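Visitor: One structure coming up, written as structure tokens, with questions to follow.
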Amino acid sequence: MRILILYGSQTGTAQDVAEQLWRASKKRNFDSLVMAMDDYQIQQLTEEHLVLFVVATTGDGKEPDNMRNTWKFLLRRNLPVDSLSNLQFACLGLGDSSYAKFNYAAKKLNKRLQQLGAQPIIPLALADDQHDYGSNAVVIPWMTNLWEVVEERLGLSCRNAENLHETFIFKWHCCRLDHTSILDEDNYHLLWPHRQTPTHSFKLINNVRTTDPSHFQDVRFIQFEVPESATWLPGDIIEVHPHNSTKQIDEFFALVQEHELDFDSNTVVRMSSNHQDMILPKCYSKPLNVRQMATSIWDLSAKPRQRFFELLALNCEDNMEKEKLLEFITSDGLEEVVNYINRPRRTVLEVLQDFRHASSKLTLEICIEMFSFIQTRSFSIASCVESKTLDLLVAVVEYKTKMSSPRLGLCSNWLKSLKIGDNVLGFLKRGTMQLPKELSTPLIMIGPGTGIAPFRSIIQKHTINQSDLDSHKSLVWIFFGCRNRLKDFHFQSDLELWHKQNHIKLLVAFSRDQDHKIYVQHLIEENSQELKNLIKECNAYVYVAGSSTNMPKAVKEAFINVLDKDEEYVENMFKINRYQEETWS
């Protein structure tokens, strides 16, 4: 029996869950196939009988990049309503309830499949990253239920397969080469190990801290020289691929040396796939050594996923460690995972250091399977292309838990470490913001903290293209919020100059500069009448960018109050893209 498993994944989590399903199906002797949705010829879906979908939601309810073409095809109006009548399916969504459009991509896909005649074998499940137990609170019981239903519906006796948990499915095969093997000097596949091609190489020309030294957070203004062929629009995004820090790499090889494992940093391998249906990643397309893997491919600062614990336990001869590791992958062990991994934000390296008996039995083959890949990170571009520089505003992630060393964000700290003259590969892509076609349309922009970045690019475009501005005078309102005027007022000189020149109307909330806290939503309500006129009389567009926690909801409620409690009007603005959010957790 064939099972097709398709995923839409932006950061690798949905892919990881889909591959868990694939391994589970292989153990049950299914002829199974797993791939990103856009890698599958979606026209062939009419010939499938059982498909499992794992779909993440990215940004403001958007589908991941690697299912975008598939989704466009499924939305075609000329598709017959019974075109998928022979298909049975199950759909799992991965999302974050701090976003307004929680699990929107999975909900839309589940509904559309049924509109085309497909039959769900179990109800849609929606995992929430905000749950105390994380997404596994839904994923683990959903998988258990899925296989029970599959066995019952198909009349199979999968439970007769003994020792399911002791059967290991390895994706990759590594053939060790002689240390003297000449490695390809072109390491492009390592600097950019992902399948899509980076747009350009950008040379760093500026990397400075913009916040006061006494401020709790280091925010960097990072500026790149722009190649002549590079182009983007205001509100667009750049993806970059970070590398592990020297400290992390050294810690990993210190552990390898301490346990006298069967490889070292110079061990060279040629990779191939163990399965005809498993596509070899671009980063494994050429021979490489373990140091290259530990530098550019393996995410050494990641939180361990289920597969990590399972593989770490594989050769473990210490019963206590093995029992604990296997407990982590069960429903009963979710509380333990929260306490040991999620709350203190332990990394894979720290787990290896804690489980010393299990780590001493690692092999290179297991390491290759157990480490998740470093994913690209996206940043809003804070400049327009006419400025001749590509600017970023990056909050460096560093915080304390009960762990002795601070938690460091991989990409932000990598960007912080870059030196003037360094070259970075970047993939330019369209942002989620859609600007009105009429240049005279008023814009109301709310960007507290680093949320101001995409709005700076829009304002720059307006001011540089002065001739267009003169003939189509628009009104741009900017609401910016930060803690202190003197400590974290990002792009202060630019914003104040544009305000003085009447390019924008600037309103700033400094939450900690007085006894009572003032936030952007308070300023919105203080200017109710003018904003109401702009929205109702002049069809103004509203844009919100920044943290996804409390700010977007508070701002939305403020606009509902501005519009005389007319919640329906605001909801309609969302539907027609006159109210847009670009938020992140």
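Here the Cβ of each residue, glycine as well, is placed from N, Cα and C on the backbone.
I grabbed these lines from TrEMBL:
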BINDING   9-14, 56-59, 94-103, Asp129  FMN binding site
BINDING   Arg345, Arg377, Ser378, Phe379, Ser380, Gly409, Leu410, Cys411, Ser412, Trp584  FAD binding site
BINDING   Thr450, Ser511, Arg512, Lys517, Ile518, Tyr519, Val520, Gln521  NADP(+) binding site
DOMAIN    3-147  domain 'Flavodoxin-like'
DOMAIN    197-436  domain 'FAD-binding FR-type'
Visitor: Cβ-Cβ under 8 Å from Ser380 (FAD binding site), same chain, 6 or more residues apart: which ones?
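Guide: Sequence-distant Cβ neighbours: Gly235, Asp236, Ile237, Leu392, Leu393, Gly431, Ala453, Pro454, Ser457, Ala545, Glu582.
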Visitor: Quick check for the class: what is the C-alpha distance, in angstrom and rounded, between Ala56 (FMN binding site) and Thr450 (NADP(+) binding site)?
Guide: 25
Visitor: If I restrict to non-local contacts, at least six residues apart, and a C-beta distance under 8 angstroms, what lies near Arg345 (FAD binding site) in its own chain?
Guide: Lys303, Thr401, Met403, Arg407
Visitor: Just to confirm: which same-chain residues, 6+ apart in sequence, have a Cβ under 8 Å from the Cβ of Phe102 (FMN binding site)?
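Guide: For Phe102 (FMN binding site), the qualifying residues are Thr57, Gly95, Asp96, Leu126, Asp128.
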Visitor: Using DSSP, what is the helix/strand/coil residue split across the domain 'Flavodoxin-like' (3-147)?
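Guide: Counts, helix then strand then coil: 58 helix, 35 strand, 52 coil.
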Visitor: Around Ile518 (NADP(+) binding site), which residues of its chain at least 6 apart sit with Cβ under 8 Å of its Cβ?
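Guide: When sequence neighbours closer than 6 are ignored, Ile518 (NADP(+) binding site) has Ala509, Phe510, Ser511 within Cβ distance under 8 Å.
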Visitor: What is the biggest Cα to Cα gap, in Å, among Thr450, Ser511, Arg512, Lys517, Ile518, Tyr519, Val520, Gln521, the residues listed as binding NADP(+)?
Guide: 19
Visitor: Where's the emptiest Cβ shell within 10 Å among the binding-site residues Ser378, Ser412, Thr450?
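Guide: Candidates: the binding-site residues Ser378, Ser412, Thr450. Fewest Cβ atoms within 10 Å: Ser378.
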Visitor: Based on Cα distances to Ser378 (FAD binding site), point out the closest of the binding-site residues Gly12, Arg512, Val520.
Guide: Gly12
Visitor: Counting other Cβ atoms within 10 Å, pick out the least crowded of the binding-site residues Ala56, Leu410, Val520.
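Guide: Checked Ala56, Leu410, Val520; of these binding-site residues, fewest Cβ neighbours within 10 Å: Leu410.
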